[in-house]
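Read through the structure below, which is laid out as structure tokens, and then see the notes.
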Amino acid sequence: MATKAGKGDGKQTKGKLRTSKNKTEGAGGGGGDADDFEAWMKSRQLLKPDDQLDLTEAELGEEITKVLTPTNTNIIRNLVVYSFKEGEFVLAPVPGNTVTLIAFPGNSLHVDSEEGRRQIEESDEIGYPLPMPNYTVVEQRETDNVDGEEGEGEEDDDGGNAKDGGGEDEDVEEEDDEEAKGTEGDEGEGEGEGEGAVARQEDDEPAQQAAAVSSKKRKLINQFNYCERGALTYTNPKRNVDTQTIPPPRSQFGANVLQWVIYDSYMENFAESQKDGSKKEDRKRGRREKKFRDKSAIAEQLNKKYLKCWQILERMINQNIYDDIAHDYRYWEDPADEFREGEGNLLPLWKFQYDRTKKMNVTDILFNPSYYDLFAVCFGSHDFMKQTNEGYLCLFTVKNPSFPDYIIQTDCGVMCCDIHPTYPFLAVIGLYDGNVAVYNLREDCKEPLYVSKGVNCKHGECVWQIKWGLDMADGEVNFFSVSSDGRVFNWILMQNKLWVTTIITLYRENGLVDGPDGTKITLKSGGSCMVFHPVDNKVFLVGTECGYIYKCSTAFSSKYLMTYYAHNMSVYRIDFNRFNSNIFVSCSADWRVKVWEDMRPDPLFIFDLGAAVGDVKWAPYSSTVFAAVTTEGKVHVFDLHVNKYKPICVQAVVPKRKNKLTRLSFNEKLAFIVVGDEKGVTTSLKLSPNLRMMVKPPKKQLYLDQHTLQTGKLEKLLSLVRELPEGGTVVPDAATTVRS
């Protein structure tokens, strides 16, 4: 009936909708909501992407089957392990594909299992014992009409006991009400009877518990204090061992005991006791000295920590004081270089000096190969008639221009130094007396690690230059030195001493002269500088005091590879080009700077600077830029690509009459140089943009790096210079000399 009624209602509803629809059409005269929806759907256009792939009907109807497998891709297959039993590698079994995400250990046992059956037998229970209800003892009062049969029925039937107990509870409550109305005597009598019933029930409970304990079948083993007899240690029986030894030798002694014999024995005993006392005092003194040394060591460690903190604080103060100079050191760009083509200038920055070296000459300057802001300065004397009794090697940093970070003091002037390229904490120095020393900057700079000792283990005269060499095949560290005695030494750092070997003796060519006794003597050339080839580490150049440059090799010492008749006076410095190892430059006391090509007897460029040239260096950032310092106190900067005839910058750094420049060094990372003078002052100078111009790559070769562009720029310049004039004669020295 409900279903029919529902259908009837639906028909009536449809009729109503039709009636309302007809009314709406008659009233409005237009289409309804359905017509609007159809018109809106027809106006929509489906947009198709331009890159949509067109498929045929066959491709659209094709079914693509995808198979899912439960294979675990993270399992390592073909895994082998070594089997000690078989003595070879065997395949390990592949684990299953099941991955355990979470696991909880349980303590439930199956009823039919062996362990569950054993537990049931031992405890007569399944699982853990269930908690028993705590029954309270209720006082009972026996009535006169209670028979003994009811008591026996209660003991035999548990169900009846529960029902009778309920009835007894009700009787007890009624009896309590009657006792409240009764006399005191009745109360005492009722209480006595109740206590007797409680006592009988409590006596029955221990008997039931004893019966339950006796029902256990076997005794459990104590698992916490159990030891099998088979594991007990066997006690060996005692044995008696008898040995027989040779009796000690015996001798008879007899003497007369006199007063002086007793006196002498007492004096000997007294002397021995005095020695023992002195030994004890020595031990006590040694302990006190050890404690003092320990305290001094602790104090020294604290001083080092304090010194480091003070150094950091000093750097911060100096950076605040010289804030303007620090800003120029990094970001200074001279805008005037845009209006002067082919010229530049130098901006003075900091001046580095040490109070104890004010009257000494700067004999060498070298930047640390690992820390670009740290450089070493050697202090000695170039005047042989005014030698000082001490020398210094100071390491300055641009972060603290007021005081050196490391100070090494020697007994005579320090003439040269070098820092190891691989171990930047190892510094080697050459001294005026011909000795050499190696220092570890990480430890105490007061004592050297190695120092040359003895007459045969040193140079006969001043050491002018020293250079670290490549590590030997056995990993031993070594270095080379050249001196005025005409010998080049190779020093090897052994475990506890220096091992010296003579590499070559600089004999002059055609230097045979008659001696005082009529014998022939071969003259030597005093070495003044040396430099190793940047590519071939066995080849090196040696400059001499007579103006020659010898090309030598460490492989043999009896012959020169090449002799350059370079200068008329002592050669002060030689330096290889950073971008072409066949090009090097030299300077001398004859006022000239010459640019050479390897195995070419004549120089490519000759420049006359008008004064003795103390040092010359190639720039690390450009293949055609080098700088030189003169005794007039000027710095000359050349760029052969811009001007092949004169320097593009000449600037006086110190007064001409009062001071002279001695040494020069380029920074390897930033565009500034450091120069030293005869007053012990080291000055840093920033190069203007025209002195450090980089090569712009062509538009079609933007991928070329700066090293390739610099090499190409130098090769283009050398190709023009290598061409000889007509007739094949070399241009004379005077004609190519340029005065600046």
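Note that Cβ sites are derived from N, Cα and C of the backbone, with glycine treated the same way.
TrEMBL does not curate its annotations; it predicts them automatically.
Here TrEMBL flags 1-36 (among others) as region 'Disordered'.
The feature compositional bias 'Basic and acidic residues' is assigned by TrEMBL to 1-12 (among others).
The region 'Disordered' annotation in TrEMBL covers 111-215 (among others).
Residues annotated as compositional bias 'Basic and acidic residues' in TrEMBL: 111-121 (among others).
Per TrEMBL, the feature compositional bias 'Acidic residues' maps to 145-159 (among others).
As annotated by TrEMBL, compositional bias 'Acidic residues' applies to 167-194 (among others).
Feature annotation from TrEMBL assigns region 'Disordered' to 271-292 (among others).
According to TrEMBL, the compositional bias 'Basic and acidic residues' annotation covers 273-284 (among others). Secondary structure of the compositional bias 'Basic and acidic residues' (273-284) per DSSP, as helix, strand and coil residue counts: 12 helix, 0 strand, 0 coil.
Per TrEMBL, repeat 'WD' is recorded for 564-597. Long-range neighbours of the repeat 'WD' (564-597) within the same chain, counting only residues 6 or more positions beyond its ends whose Cβ lies under 8 Å from a Cβ of the stretch, are 528-531, 533-535, 541, 543-551, 603-620, 623, 626, 628, 630, 638, 640, 707, 710-711, 714-715, 718, 722, 737.
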Mean per-residue pLDDT in the repeat 'WD' (564-597) works out to 93
According to DSSP, how is the compositional bias 'Basic and acidic residues' (111-121) divided among helix, strand and coil residues? 8 helix, 0 strand, 3 coil
